[in-house]
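Peer 1: Let me give you the structure first, and then I'll get to my questions.
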Amino acid sequence: MTRKLFGTDGIRGTANTDPMTAEMAMKLGMAAGRHFTRGDHRHVVVIGKDTRLSGYLLEPALTAGFISVGMDVVLLGPLPTPAVALLTRSMRADLGVMISASHNPYEDNGIKLFGPDGFKLSDEDELTIEASMSNGLESCRVGSDHLGRAKRLDDAAGRYIEYAKYTFPRGLRLDGLKIVVDCANGAAYKVAPTVLWELGAEVIPVAVNPDGFNINKNCGSLHTETMREQVVAHGAHLGIALDGDADRVVLCDELGHMIDGDQLMALIGDLWHRSGQLKGGGIVATVMSNLGLERFLDQRGLKTIRTAVGDRYVLEHMRRDGFNVGGEQSGHIILSDHSTTGDGLVAGLQVLAALVQSGKPASEMLRLFTPLPQVLKNVRVAKGSVAEVLAAPAVEAAIRDAEAKLAGQGRLLIRKSGTEPLIRVMAEGEDEGLVEASVDAIVETIRRAAG
């Protein structure tokens, strides 16, 4: 049995259209609530969200579903995804819910679920919940005297702020550092600038005025132009860009040059190795990470384990094999000594600690290896047609041709997005011209096949 609703990062879609409707959210609340009402204690679910307008559609629907099966609901308001995971654990909740579509535009929304341990649910849990949504929900409603209750946690943001500061080494401060932080008009718009300011930095906030529509719009980790411009204009030491739910981060140095997740994993992995903190003898990355990262770590006697794309798969390998550093090139950085999921702010704080301790500028500290030329392009196709397009004879022929040209000189990766109707085409190799030509040829063929 395969999941139909749940993708690689929960349920996602265009808000107020199937499946991302209030009706679905209420059914999800009932089914997930029933699945996690084990034991005879009072059952609790915490719900956080980002700043999308449609959060007001989904939050009350989920709340109604949970209350109807006897679960108490604690509403956290706008908070980063890792904060929801943290509070699920610290409040001894049975379940955590984050309403967010991460880096997607405001029209989309999504729902991620966390178990009582703060980790994302297993495939098996998601399958069980999905099956329950299709049948048998009437029987799980409780009587009116056993309905759950809802309350808002007023100090939720403050709890996460204290936790984030706790991950920064004691005795260090950010005095004298000027930092631009782009919060994507998203979930971290209050907490990220506050954490940096409380640690002593001069903070230049960008995209901290959410209006329900501007999340990720020309800002955040996918649109870094403003952050880079502000870093150069203000003479800042570092730029930090988060995405809409702040579970991913990218940086730029004082010159405005970008630092992606691969460079961050190289830095943290190397530093933690030298300090004896690194576990597993290396890091866990995905198939999208640059070969330059692997070569850099190999030179230091460290291994690189690769997984399918998606932070859930990275985390699965980390937990199974005992690693404590992992992530994605896109900026999902998982530091399991601190978090149960990707945490952009906490990852950024580890980099800032390294900068303070070294006394070097970011341009010297954060570019540890030269990446091989890599080109990634996305092709949007009609929903539900990805497999059909990839199976088209012309597309298969274009892929075979590119593979033949890159043989021995690079690699090619074609995959469908787990969260959007996109086909991602990536090539990497020593010859930049060949890499770009290979990707362009496949992208053009996919576009023709998609009509």
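Backbone N, Cα and C atoms are what each Cβ position is placed from, and that goes for glycine too.
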Peer 1: Suppose a student reads Swiss-Prot and sees Asp243, Asp245, Asp247 listed for Mg(2+). Which of Ser102, Ser122, Ser363, Ser385 should they find annotated at that same site?
Peer 2: Ser102
Peer 1: Report the same-chain neighbours of Asp247 (Mg(2+) binding site): residues 6+ apart in sequence with Cβ closer than 8 Å to its Cβ, ordered by sequence.
Peer 2: Pro80, Thr81, Pro82, Ser102, Asp311, His332, Thr341, Gly342, Asp343, Gly344
Peer 1: Once Ser102, Asp243, Asp245, Asp247 are set aside, which residues in the chain still have Cβ within 8 Å of the Cβ centroid of the Mg(2+) site?
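Peer 2: Apart from the listed residues, the neighbours are Asp50, Pro80, Thr81, Ser100, His103, Gly186, Ala187, Leu242, Gly244, Ala246, Arg248, Gly342, Gly344.
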